[in-house]
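Some features that Swiss-Prot has for this protein:
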type	residues	note
DISULFID	CYS268-CYS338	disulfide bond
DISULFID	CYS299-CYS362	disulfide bond
DISULFID	CYS340-CYS351	disulfide bond
CARBOHYD	ASN44	N-linked glycosylation site
CARBOHYD	ASN67	N-linked glycosylation site
CARBOHYD	ASN104	N-linked glycosylation site
CARBOHYD	ASN166	N-linked glycosylation site
CARBOHYD	ASN229	N-linked glycosylation site
CARBOHYD	ASN272	N-linked glycosylation site
CARBOHYD	ASN314	N-linked glycosylation site
TOPO_DOM	1-7	topological domain 'Cytoplasmic'
TOPO_DOM	29-469	topological domain 'Extracellular'
TOPO_DOM	491-519	topological domain 'Cytoplasmic'
TRANSMEM	8-28	transmembrane segment
TRANSMEM	470-490	transmembrane segment
Amino acid sequence: MLAKHSKLFFTGSVVFLIVAIVLASWGFPKIISTRIQKSIQLENSSMMYDKWVKLPIPLIFKVYFFNVTNAEGINEGERPILQEIGPYVYKQYRERTVLGYGPNDTIKYMLKKNFVFDPEASNGLTEDDDVTVINFPYMAALLTIQQMMPSAVAMVNRALEQFFSNLTDPFMRVKVKDLLFDGVFLNCDGDSPALSLVCAKLKADSPPTMRPAEDGVNGYYFSMFSHLNRTETGPYEMVRGTEDVFALGNIVSYKEKKSVSAWGDEYCNRINGSDASIFPPIDENNVPERLYTFEPEICRSLYASLAGKATLFNISTYYYEISSSALASKSANPDNKCYCKKDWSASHDGCLLMGVFNLMPCQGAPAIASLPHFYLASEELLEYFEDGVKPDKEKHNTYVYIDPVTGVVLKGVKRLQFNIELRNMPRVPQLQAVPTGLFPMLWIEEGAVMTPDLQQELRDAHALLSYAQLARWIILAAAIILAIIATITVARSTSLISWPRNSNSVNFIIGPMVNDKMR
């Protein structure tokens with residue numbers, strides 16, 4: 001009877017050990033991580049869904065201007081001396097309108113941004129401040145005309161003298177709010193055939209930074225970001241992650257197209273990555289070397305490269321930052337060759353220096369993007385300036401800290417600078433003596449830091465995983481101990497081990513030795 005019970009005990013212990021091994025090696029971590037990952041999938045019932053539709057906290061949008069301090073000297077051939085003014089800080093609220101769901105685990109939506117000035121965070125700077133910056137639309141118009149019809153540059157410039165008020169040099173003296181959102185008025189009311197041609201061109205094909213005046217006024221308003229404020233963009237189509245959580249957030253189409261058309265090349269036209277608001281969890285066995293985001297404002301995807309692990313807010317994260325290869329010249333990164341476009345002259349292949357990126361094919365204007373202060377760009381660009389342009393990794397880098405368990409961004413910053421060529425043109429009075437070079441207007445920073453409440457939620461999720469890790473080893477250890485006890489019990493009951501009768505554990509060890517001596 002004892003042997004039968006011992007065998008049952010042994011069998012149960014072995015089964016428990018097998019179950020414990022399965023739970024320890026796969027079950028507990030998988031169960032907990034699956035529960036956590038299910039909460040981040042874009043389903044109506046998930047914890048993430050409402051936060052994704054309407055961000056619970058605003059992003060922080062900062063603007064820094066390159067104020068020109070020696071405009072008169074530049075007009076006489078001096079190298080530019082610039083003064084960085086900023087940040088002008090805005091709260092950027094984001095809200096999505098869900099349009100429906102696709103057959104391949106996708107969700108379709110429109111994205112709306114709303115910018116609200118934050119005077120407290122701006123530390124005394126106001127939107128009524130005056131700045132002197134490069135005249136972006138003026139230079140864009142002349143560069144475009146010089147490319148299309150060089151002989152017409154002087155005539156068009158006379159028209160532009162009516163289009164712009166007080167056009168004495170290639171610089172604008174404007175208020176911050178007008179340059180960013182309200183708009184700088186450009187006049188189309190005149191009898192010049194060239195002016196009519198310029199305004200007709202704008203009416204037929206105006207860049208997003210230009211909007212027509214209202215209430216019967218004949219003209220346009222130029223602003224850098226008005227087209228992004230309180231207007232919906234899209235539709236975007238994004239993977240929901242309910243079938244494959246590691247594909248969560250990947251954009252599969254934008255404006256009903258699965259690729260952009262700006263670059264005339266399959267690789268460069270590819271839509272790749274997320275909209276930077278949501279990322280998939282990171283598979284610890286297959287950590288991606290690059291993290292892609294799709295940027296519709298520049299018609300391309302950019303990537304940040306894995307820099308390693310980092311601890312932030314007492315949470316282990318993966319740290320990604322933009323690398324020189326992302327905006328490298330074609331000689332340094334042949335993959336970037338397809339971003340070269342002929343936009344200035346027939347003799348120019350459109351391939352720019354290291355660290356700068358041509359926006360003409362995307363925006364319809366000869367603007368050039370870079371990282372702030374030409375960080376990671378060619379040293380040649382810095383030689384153009386007397387002072388005021390000083391790249392600094394800490395201030396000008398783009399980076400993100402990603403929680404591998406949820407894919408949530410703990411902290412992230414995206415930075416971009418807008419430039420245009422200031423070109424010497426002998427037939428244009430305003431440009432007869434200026435030095436030719438790439439001139440920055442402003443740079444922006446868009447970022448967010450996880451709030452303390454959300455940090456605690458994330459730490460709790462990590463703690464749950466840690467408890468599961470601890471529990472699986474405790475259960476495994478208990479199962480092993482139980483299996484050993486069961487083995488000994490079965491062995492004793494079946495006399496596999498010679499157990500002395502009527503002896504306790506101590507007698508079992510020392511008894512025979514004592515008995516021998518007594519003999």
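A Cβ is built for glycine as well, from the same backbone N, Cα and C atoms used for every other residue.
Sequence features annotated in Swiss-Prot and their locations in the structure.
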residue : record                      : DSSP (3 states)
ASN44   : N-linked glycosylation site : coil
ASN67   : N-linked glycosylation site : strand
ASN104  : N-linked glycosylation site : coil
ASN166  : N-linked glycosylation site : coil
ASN229  : N-linked glycosylation site : coil
CYS268  : disulfide bond              : helix
CYS299  : disulfide bond              : coil
ASN314  : N-linked glycosylation site : coil
CYS351  : disulfide bond              : coil
CYS362  : disulfide bond              : helix
Check: min Cα-Cα distance from CYS351 (disulfide bond) over recorded positions ASN166, CYS299, CYS338 goes to CYS338
Listed in sequence order, the residues of the same chain lying six or more positions from ASN314 (N-linked glycosylation site) whose CB sits under 8 Å from its CB are ARG459
Rounded to a whole number of Å, the separation of the Cα atoms of ASN272 (N-linked glycosylation site) and CYS338 (disulfide bond) comes to 16
Check: min Cα-Cα distance from ASN67 (N-linked glycosylation site) over recorded positions ASN44, ASN104, ASN166, CYS268, CYS340 goes to ASN166
Cβ proximity for ASN166 (N-linked glycosylation site), under 8 A, sequence spacing 6+, ordered by residue number, returns ARG173
Rounded Cα distance, in Å, between CYS299 (disulfide bond) and CYS340 (disulfide bond) is 14
For CYS351 (disulfide bond), the number of neighbouring Cβ atoms whose distance to its own Cβ is within 10 Å equals 15
Restricted to the topological domain 'Cytoplasmic' (491-519), the mean pLDDT of the model is 48
